[in-house]
Amino acid sequence: MIDRSDVTGVLLAGGRGQRMGGVDKGWVSLDGVPLVQQALQRLAPQVGGIVISANRHIDRYRRLGYPVVVDSLPDYPGPLAGALGALHHVATSWILLAPVDMPWLPADLLSRLSNDLGESDIAVAHDGERLQPLVALIRSSLVEDLAQWLDAGGGKVVGWYARHRWCQVDFSDRSAQFVNLNTPEACERAERHRPGSIISRQEAPAQDRSAGRGGENLDE
């Protein structure tokens, strides 16, 4: 398994927020807490450091205490541009991508992705119904190829993954934790249904296993 110290978490907080009516999704609150803070609480314990990729409210994001990188390419070219900007600022061998609007990503996200990585350079979460392209473990040495892909007009996340050795990792037992709060309606449903109890039940088996050993579509 890859050691967390060799992984930088990259929280993707950029984009136009069109499905949110142009609102910066990171600062939309759920239960009184901004999505960016909830996502950081899930991601930070799993990695050696965090970089936030954003293109608005930069100073506000910086006040969270993490480095913030801004898309180097104009006109909101997509989440891969955010990943590229972050890759230019990390020293670790791997990055763990996560979108800011998935506040309940599994607490064992990194361990499961890295355990199933094998000989691949990219491991991507699958929630049992659909691939989650922006929840991925990516080898940092792919930075130059990503830059070339974007310079050539490439945009689709999975299209770039397909250029490399990549694998899907099954998270069907944690499907509720990949809820994407990218519309006002999705946030309203989350407020009503309180999925926290479902998530606690899904994570309980992993916690029990750990004790026995002695021991979150944007691509559209």
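Even glycines carry a Cβ here, placed using N, Cα and C.
Bear in mind that TrEMBL entries carry predicted annotations, made automatically and left uncurated.
Look at the domain 'MobA-like NTP transferase' (9-158): DSSP puts its residues at 53 helix, 37 strand, 60 coil. Residues or ranges marked as domain 'MobA-like NTP transferase' in TrEMBL: 9-158.
Summarising the annotation, TrEMBL assigns GTP binding site to L12, A13, G14, K25, D71, D101.
Cβ neighbour count for D101 (GTP binding site): 29 (other Cβ atoms within 10 Å of its Cβ, all protein chains included). For D101, the entry in TrEMBL reads Mg(2+) binding site.
If you look up TrEMBL, you'll see 189-220 marked as region 'Disordered'.
In this view, G14 (GTP binding site) is surrounded by 26 other Cβ atoms within 10 Å of its Cβ, with every protein chain counted.
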